[in-house]
Amino acid sequence: MGNLYSEYLSPSKVPEHYNYTKETPVTETPSRQVASALIILLCCAIVVENLLVLIAVARNSKFHSAMYLFLGNLAASDLLAGVAFIANTLLSGPFTLRLTPVQWFAREGSAFITLSASVFSLLAIAIERQVAIAKVKLYGSDKSCRMLLLIAASWLISMVLGGLPILGWNCLGRLEACSTVLPLYAKPYVLCVVTIFSVILSAIVALYVRIYCVVRSSQADVAGQQTLALLKTVTIVLGVFIVCWLPAFSILLLDYACPVRACPVLYKAHYFFAFATLNSLLNPVIYTWRSRDLRREVLRPLQCWRRAAGVQGRGDRTPGHRLLPLRSSSSLERGTHMPTSPTLLEGNTMV
């Protein structure tokens, strides 16, 4: 075991594994440079979007319910995923062969941790919906401590799951057991992670099917219109996650089944993972599209910037000109009164 960990700082290990599993060396082609630049721009947008969601949830006390905490946690995992993908992209290509194994594990492990956190956040949301339906009410603010503990536990599990390779579950010294897509990861580890995620996502789908059946069969108004609106939102989030990540999961399963250098499509796996990053970009759009209150709060910093820009422009105008006031945030919905209910995404706050 000591000999294994002594290889973590060896600069020759990463090139050795890539030369064994890859048909061609890692090079920086013009097309790859363009793709990397686009991914970095995409990740910057992911960071900004999810940061706006987190600021909106943090600054408004009516968003401090269990459901908002879970969506905020999902936004935090998406934000960190954007940061991890930026670091991954900048350290890819020819830079990969300059990394030591411990640096490579940190690069890939950060992406696995944020992915795990997203999956566990979706599971926590599904469980919260199930409990809320069973009790025919949402969690109150007195449950926030339990929610925070659940969120902390999900991140702890995610860090353990993403940190298993650096703790020893890797293929250093066993080239024949190495993944083609992730050449320092052992194939059984990759299969284990994909299997865990697939089982969790299947359980989430089963929970939502059960919730829909309960809501459809219920005659209570409180469990009907409002709950269906919320379920539609979280189901869209889940569906987008599955659509974006299914190609990446499929390529990892193919990686486990294929002998080394037997499946050329595995050399293009970075395109599948780039497509998966769209999930982190689309999630904030779904939140703000489905909730008027959250959309108003998320757009508030942009309105402040616009107002500041207008005031600055006012200084360049003649004194006789008067700056027209901005529309109120409630005018985001034409002819519709903005709701004040603190309940997230309920029927009276849905578009």
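Positions of Cβ are set from backbone N, Cα and C atoms, glycine also.
Automated prediction, rather than curation, is the source of TrEMBL annotations.
Range 331-351 is the one annotated as region 'Disordered', of 16-36, 289-309, 331-351 (source: TrEMBL).
For the pair C171 (disulfide bond) and C258 (disulfide bond), the Cα-Cα distance reads 16 Å. Note: the stretches the transmembrane segment (269-289) and the transmembrane segment (69-91) are in contact (3+ CB pairs below 8 A, sequence gap of 6 or more). Candidate disulfide-bonded residues: C178, C263. Fewest other C-beta atoms within 10 angstroms, C263. Note on the transmembrane segment (111-127): residues 67, 70-71, 73-74, 76-78, 80-81, 84-85, 88, 150-151, 154-155, 157-159, 161-163, 193, 197, 200-201, 203-204, 207-208, 234, 237-238, 241, 245, 279-280 of its chain, located 6 or more positions outside it, place their CB under 8 angstroms from a CB of the stretch. Fewest other C-beta atoms within 10 Å: among the disulfide-bonded residues C171, C258, that description fits C258.
For the transmembrane segment (148-168), the list of distant contacts is 1, 4-5, 8, 69-70, 73, 102, 105-106, 108-117, 120-121, 123-124, 184-186, 189, 193, 196: same-chain residues at least six beyond its ends, Cβ to Cβ under 8 Å.
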